[in-house]
Structures are given as structure tokens and as C-alpha cells.
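Would you mind keeping the following structure in view while I ask a few things?
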Amino acid sequence: MAVEGGMKCVKFLLYVLLLAFCACALGLIAVGVGTQLVLSQTITQGTTPGSLLPVVIIAVGAFLFLVAFVGCCGTCKENYCLMVTFAIFLSLIVLVEVAAAIAGYVFRNKVMSEFNKDFRQQMENYSKNNNTASILDRMQEDFKCCGAANYTDWENIPSMGKSRVPDSCCVNVTVGCGINLKEKIYTEGCVEKIGGWLRKNVLLIAAAALGIAFVEVLGIVFACCLMKSIRSGYEVM
């Protein structure tokens with residue numbers, strides 16, 4: 001039995017929200033992939049709470065897309081069972097997002113600690129592994145930093161020696177510019193600089209997550225309204 005009156009408006013709004021869910025799902029998957037690419041260049045040793053974050057984001061995005069598809073089918077067919085499934089799964093997604101947000105806050109210092117530890121380990125392998133050297137050079141050039149805490153950290157690396165830093169620490173990078181500190185170099189450490197960049201972007205992601213959660217709650221409310229209307233129609237019949 002087709003819905004009537006105000007429920008038609010609710011049904012239309014639910015379609016709009018479902019389109020928004022699909023867009024959010026694709027956005028989450030893109031953010032998850034991007035986060036994985038960034039973390040793969042920073043935290044590379046073992047599994048940490050931070051390294052699991054992009055996996056959770058991608059999984060939630062994929063699941064949200066699937067749930068949006070179920071909701072679209074349920075709304076189109078006005079199927080009570082599909083709408084119940086949609087509402088339950090959407091509620092689970094909201095709970096997972098809240099749990100992920102809490103975990104991200106709780107483990108924020110742990111992630112930075114792991115990054116600091118891993119960065120220093122990669123410094124030890126700078127002269128032994130070309131891939132490691134390339135990653136560190138790119139980070140130091142992109143974030144205009146040098147070493148973990150500051151440029152003097154490179155003095156503790158046996159393969160570098162005293163009064164020498166990688167050429168990527170130089171303000172104007174040229175071959176051999178880091179030898180005997182002949183050129184002007186960046187003195188700030190990369191851990192704090194990259195940490196500041198991560199904290200800034202985490203705030204943006206948190207704000208976006210709150211917006212998505214609000215839209216999801218609206219979706220649950222509209223789905224429940226449509227479910228009530230469909231069930232009333234069944235009872236009349």
C-alpha cells in the first residue's frame with residue numbers, strides 16, 4: 001500500500017538522505033585510502049591503533065554504501081523488513097563512528113609515540129635503505145623540518161657523523177648541502193611538525209564526522225516514520 005500525505009514528503013527526504021549517504025560513503029573510502037597512504041609512509045613497523053584507523057574508515061564507508069542501497073530498495077518498494085534492516089544497520093554505523101571517535105581521542109598520544117619511535121628507527125636505516133631514505137627526505141622537504149625532535153638528532157646516527165644532515169634538511173636543496181652544515185637548514189623536528197599537521201586535520205575530520213552522524217540520525221528518524229506508516233497500511237489491509 002502506497003504511503004500518503006505527509007509520508008510522501010518523508011519518503012522524498014529519505015531519498016535525498018540516501019544520496020547523501022552514498023556520497024559520504026565514497027568520501028569515507030577516499031579518506032581511508034588517503035590516510036593509509038600517509039601512514040604507510042610514517043608508521044611502518046607492525047600494527048598499531050593508528051595503523052588500524054584507515055581500515056576502520058574504509059570498512060565503515062563500504063558498509064554505509066551497502067546500507068544506503070538497502071535503504072533505497074526499502075524506500076522504493078515500501079518494504080517494512082528492508083526498512084527495519086536499514087534502520088538497525090544505520091544505528092550500528094552511528095555506534096561504530098562514536099566508538100571510533102572515542103578510540104581516536106584515547107589513543108591520540110599513543111599514535112604520536114609510535115610515530116616518534118618509528119621515525120627514529122627509520123633515521124637509523126637512512127643510509128642502509130634507499131626506500132627509507134626517500135620517505136624521510138620527502139617528509140623533511142614537505143614539512144620543512146629536520147630530524148625527530150630537531151636537526152641535532154642526526155648527530156646520533158653513526159652513518160651520518162658530526163656536523164652533517166641529509167640534504168633534504170637544507171632550505172635550498174643541492175647535492176652535498178648538508179655536509180658540515182654549509183647551507184641554511186631547517187632546525188625544527190619533524191615529529192612535532194607532522195603531529196601539528198595531523199592534529200589540525202583530525203579536527204576537520206571530527207567536524208565532518210559529526211555532520212555525517214547528524215545526517216545518519218535524521219535518516220534513522222525518517223526511516224522509523226516510514227516504517228510506522230507502512231506498518232499502519234498493513235494493519236488497515
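Cβ coordinates are placed from backbone N, Cα and C, and glycine is handled just like the others.
Small disclaimer: the values here were computed from a predicted structure and weren't measured.
Pulled from TrEMBL, these are the listed features:
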DISULFID  C145-C177  disulfide bond
TRANSMEM  12-39  transmembrane segment
TRANSMEM  51-73  transmembrane segment
TRANSMEM  80-107  transmembrane segment
TRANSMEM  202-227  transmembrane segment
Count the Cβ atoms, other than its own, that fall within 10 Å of the Cβ of C145 (disulfide bond), considering every protein chain shown.
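Taking all protein chains shown, C145 (disulfide bond) has 22 Cβ neighbours within 10 Å.
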Are there any residues at least 6 positions away along the chain from C177 (disulfide bond) with a Cβ closer than 8 Å to its Cβ? List them or say none.
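C177 (disulfide bond) has long-range Cβ partners D167, C170, E183.
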